[in-house]
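K.L.:
Before we start, here is the structure in question, set down as structure tokens.
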Amino acid sequence: MTLIEKLENNQRLTLEDGVALYDLDLFTLGKYANQRRRTLHGNKVFFNVNRHINPTNICKDICKFCAFSANRKNPNPYTMSHEEILSILDNSVKNNHITEVHVVSAHNPDAGFEWYMEIFSKIKERFPSLHVKALTAAEINFLATEYNLSFDEVIDKMIEYGVDSMPGGGAEIFDEKVRENVCKGKVSSAEWLQIHELWHKRGHESNATMLFGHVEKREHRIDHMLRLRDLQDRTNGFNAFIPLVYQRDNNYLHVDDFLSSTEILKTFAISRLMLDNIKHIKAYWATSTINLALVAQEYGADDLDGTIEAEAIQSAAGANSAKGLGLQSILELIETSGFTAVERDSLYNELKIY
Ligand code: V47
């Protein structure tokens, strides 16, 4: 069967197929990705009203691509108190009616296990209906190592303290050689997958990211997608795949060739086609720009992430996302692009169709 026949017949694609998809022209690729996307989601573009909080930027790990960590070129280390976090959320809940808080921290060995965990029960106590999406597999691995706990023990604590779902961060790129180069010492690929598997087995859901556009090759991206597809076949716990476009400023990863918009759109389209068992492809506007994230909705993506309010990780590396995006702007942008805006909750239940 040729590649086009496989696409026409919705056949499962192999590593070789995935790499060969990059050789198709963007419009042919986009046609098939868009067909899949429309079969799954019609004309809908999903977003949520959320707030990102990054409670500390002090990190014992050294990832070359990271401009957020205070150990690197960023001279302003900080660790928020729980009161500070709760008062930020008071404002976000009252004024912006957020439905989700996304909490991702650096790996701070001085903060303490309780500092990492107790904030979740405090959030739940004050805002019982707020969805807490928190702790990447990289943070869970850090907490397990630092406090001599098993992954199961950390996960049990997360559940006890009120974490509802896990974000997809820390996946970077699974290929071991590339990983060793860009984020040596942090959670391994096998551990990242194992932690998500344990989380899914408890009946909980999570997302999966992929950092691309740095030193990885096309086949590494496809390999990354396939490792996620394999796990999803077993657990069905991933809600969304999120390809994160590498931002280049203020870090220690020297990259000469930056991706073209065509390569970025192809990667969204290919992820839609390869990941036949993950329902949502998120074009996280903070890394792709909102403009390209909207175009990506024609090339396989169906989600933009949300209002965010304050973004610290990608903006530290040059993205124009520090202040989030207003609800009204998101709605106007989706509608003027010819799509139906759908506000969702964190698990993709539809809250409001505009
Ligand atoms: O894993 C770090 C990435 C991620 C850079 O699950 C960078 O809904 C680009 O995981 N250029 C954390 N990216 C963010 C994250 C996330 C974001 C939005 C939604 C969800 C979700 C998860 O940020 C890290 C890393 O891959 N990152 N530095 C950079 N220079």
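Glycine is treated like the rest: Cβ placed from N, Cα and C.
Annotated [4Fe-4S] cluster binding site per TrEMBL: Cys59, Cys63, Cys66, in sequence order. According to TrEMBL, the feature S-adenosyl-L-methionine binding site maps to Phe65, Glu172. TrEMBL lists 45-279 with the feature domain 'Radical SAM core'.
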K.L.:
Whole-number answer please: how many Å between the C-alpha atoms of Glu172 (S-adenosyl-L-methionine binding site) and Cys59 ([4Fe-4S] cluster binding site)?
P.N.:
17
K.L.:
Do any of the binding-site residues Cys59, Cys63, Glu172 touch ligand 1, in the sense that the CB is under 6 Å from one of its atoms?
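P.N.:
Cβ under 6 Å from ligand 1: Glu172.
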K.L.:
Would you pick out, from the binding-site residues Cys59, Cys63, Cys66, the residue whose Cβ has the largest number of other Cβ atoms within 10 Å?
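P.N.:
When each Cβ's neighbours within 10 Å are tallied, Cys66 leads.
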K.L.:
Fewest other Cβ atoms within 10 Å: which of the binding-site residues Phe65, Glu172 wins that one? Let me know.
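P.N.:
Sparsest of the binding-site residues Phe65, Glu172 by Cβ contacts within 10 Å: Phe65.
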K.L.:
Should Phe65 (S-adenosyl-L-methionine binding site) be counted as helix, strand, or coil on the basis of DSSP?
P.N.:
coil
K.L.:
Where does the mean pLDDT land for the domain 'Radical SAM core' (45-279)?
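P.N.:
Over the domain 'Radical SAM core' (45-279), the predicted model scores a mean pLDDT of 96.
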K.L.:
Tell me the Cα distance separating Phe65 (S-adenosyl-L-methionine binding site) from Cys59 ([4Fe-4S] cluster binding site), rounded to the nearest angstrom.
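P.N.:
Computed Cα spacing between Cys59 ([4Fe-4S] cluster binding site) and Phe65 (S-adenosyl-L-methionine binding site) is 13 Å.
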